[in-house]
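Novice: Taken from Swiss-Prot, the feature Mn(2+) binding site applies to Asn172, Glu238, supported by sequence analysis. Under the heading prenylated FMN binding site, Swiss-Prot lists Ile175, Tyr176, Arg177, Arg189, Trp190, Leu191, Arg194, Gly195. Annotated active site, proton donor per Swiss-Prot: Asp287, in sequence order, evidence recorded as sequence analysis.
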Amino acid sequence: MKYKDLRDFLVQLEQRGDLKRVDIEVDPHLEMTEICDRLLKQAGPAVLFERPAGHTIPVLGNLFGTPERVALGMGQTSVSALREVGKLLAYLKEPDPPKGLRDAWEKLPVLKQVLNMAPKQLASAPCQEIIWEGADVDLGKLPIQTCWPGDVAPLITWGLTVTRGPHKSRQNLGIYRQQVIAPNKVIMRWLAHRGGALDYRDFCQIYPGQPYPVAVALGADPATILGAVTPVPDSLSEYQFAGLLRGAKTEVVKCLTHDLQVPASAEIVLEGYIHPDEMAVEGPYGDHTGYYNEQETFPVFTIERITMRRNPIYHSTYTGKPPDEPAILGVALNEVFVPLLQKQFTEITDFYLPPEGCSYRLAVVSMKKQYPGHAKRVMFGIWSFLRQFMYTKFIIVTDDDIDIRDWKEVVWAMTTRVDPVRDTLIVENTPIDYLDFASPVSGLGSKMGLDATNKWPGETTREWGCPIEMDAAVKTRIDHLWQQLPF
């Protein structure tokens, strides 16, 4: 699906019957979460709440509530087609040298397309049609959701945070939740390894005590949003990648407050600064684990201007016990990860992040085993390859005869090919999501790998079992007889 901006995307979804409008009053406090949660569990449509209680700005929910809509947002017609996106990223991450002149000519269009997708800066943009500044800056005018009964305050969930580090020419885009603590202040919850936090840390080291420019875009086009959660190579900006997905350059405009560039078609933009001496305790909030998280201290983002389109749309979501929207995103992005991993580890035949595993905490891998101990090499490789897998707690590795997307097959491999002492790998004192309260120390815990492959000589001294399989000729004969049998 090709589209210009979020509004164009919504028009096309509505034409497909994949967006429904709600014209009765619904409260952003809890009620929208309950409706979106039920819709998501039914693989239902995106929803536009046209009359949020106490507000005039409509709320968009459940936009990425099915893997198919994620694929459409990435410019593809099906979830399986996302493998092609992964192949492109794998090539851009580590391009192979051309094997000859013909191969070089065949690769030239791809490289040319990437170079041609540098963002296009506009002098003026729809996202700056309306400007709030000074005393007019009031987050209370926006229909920001409170998702769960125990949440401490309204929470911005789909904010596309724009930062730039002092050592980088390109900007970083990231999705970080933001707790509202005042009409012009939110808490910026970014974990230490995320791009925005790293940019901020580098800035503070070079310019100690100086305010750090930040912008948050709400209601950007889907390609730009999804570019921020995809493992884009460091040599490629998220804006460039969004252009590749969309098939057209990402249009940006300079903020009115500082020099950061934001998506020109964004519905709402928050502009301001983080002051290094201002921190606040964030949470508790219900999150993607299905629990309320611990409180933690993060920087405060002070908003100096809010700009927006005429008749803006506020894009929101909730996180909770899987499945939620992040889990659905994980299902779709899983198809992007497979070619990336296969480029680095050619023995991998499939890779699966079960949505019940809180998006990334459990991974199952199938492989063509080549030597004793091979499964452990794959485990360590996955943990260290992409930042997205830094917090993966459990990795199960099977042979390629197992359909790892069928849990019955995985359990069979685990119960018949695993000796707990020999085949369990425990790694202590590794980075863990601080939301994981099961770890003994916040942000630091252990990981476990389970080798559920057939064991080779050197891994066992016993004769290994041979799987039962019916004679092929008998199966063929019964296939022909089946329609004649009385069942």
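Just so it is clear, glycine is given a Cβ too, placed from its N, Cα and C backbone atoms.
Buried or exposed, and what's around them? Tell me for each listed feature.
Specialist: Residue density at Glu238 (Mn(2+) binding site): 26 other Cβ atoms are found within 10 A of its Cβ, drawing on all protein chains shown.
Its Cβ placed at the centre, Arg177 (prenylated FMN binding site) has 22 other Cβ atoms within 10 Å.
Around Asp287 (active site, proton donor), a 10 Å sphere centred on its CB holds 23 further CB atoms from the protein chains shown. Under the DSSP three-state reduction, Asp287 (active site, proton donor) is assigned to coil, being neither helix nor strand.
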Novice: Compute the C-alpha separation of Trp190 (prenylated FMN binding site) from Glu238 (Mn(2+) binding site), stating it in Å without decimals.
Specialist: 18
Novice: CB neighbours of Arg194 (prenylated FMN binding site) within 10 A?
Specialist: 18
Novice: Out of these binding-site residues, Tyr176, Trp190, which one has the fewest other C-beta atoms within 10 Å of its own C-beta?
Specialist: Trp190
Novice: Quick one: which residues besides Ile175, Tyr176, Arg177, Arg189, Trp190, Leu191, Arg194, Gly195 have a Cβ within 8 Å of the prenylated FMN site's Cβ centroid, in sequence order?
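Specialist: Output for this site, in sequence order: Thr161, Gly174, Met188, Gly196, Ala197.
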Novice: How long is the line from the C-alpha of Asn172 (Mn(2+) binding site) to the C-alpha of Leu191 (prenylated FMN binding site), rounded to the nearest angstrom?
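Specialist: Answer for this pair: 14 Å between alpha carbons.
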Novice: At the Cα level, what's the spacing in Å between Ile175 (prenylated FMN binding site) and Asp287 (active site, proton donor), rounded?
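Specialist: With the alpha carbons as reference points, the distance is 14 Å.
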Novice: Looking at prenylated FMN and its recorded binding residues Ile175, Tyr176, Arg177, Arg189, Trp190, Leu191, Arg194, Gly195, figure out the farthest C-alpha pair and report it in angstrom, whole number.
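Specialist: Those residues reach a largest Cα separation of 14 Å.
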Novice: Around Leu191 (prenylated FMN binding site), which residues of its chain at least 6 apart sit with Cβ under 8 Å of its Cβ?
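Specialist: Those within reach of Leu191 (prenylated FMN binding site), by Cβ under 8 Å and sequence separation of 6 or more, are Ala197, Asp433, Tyr434.
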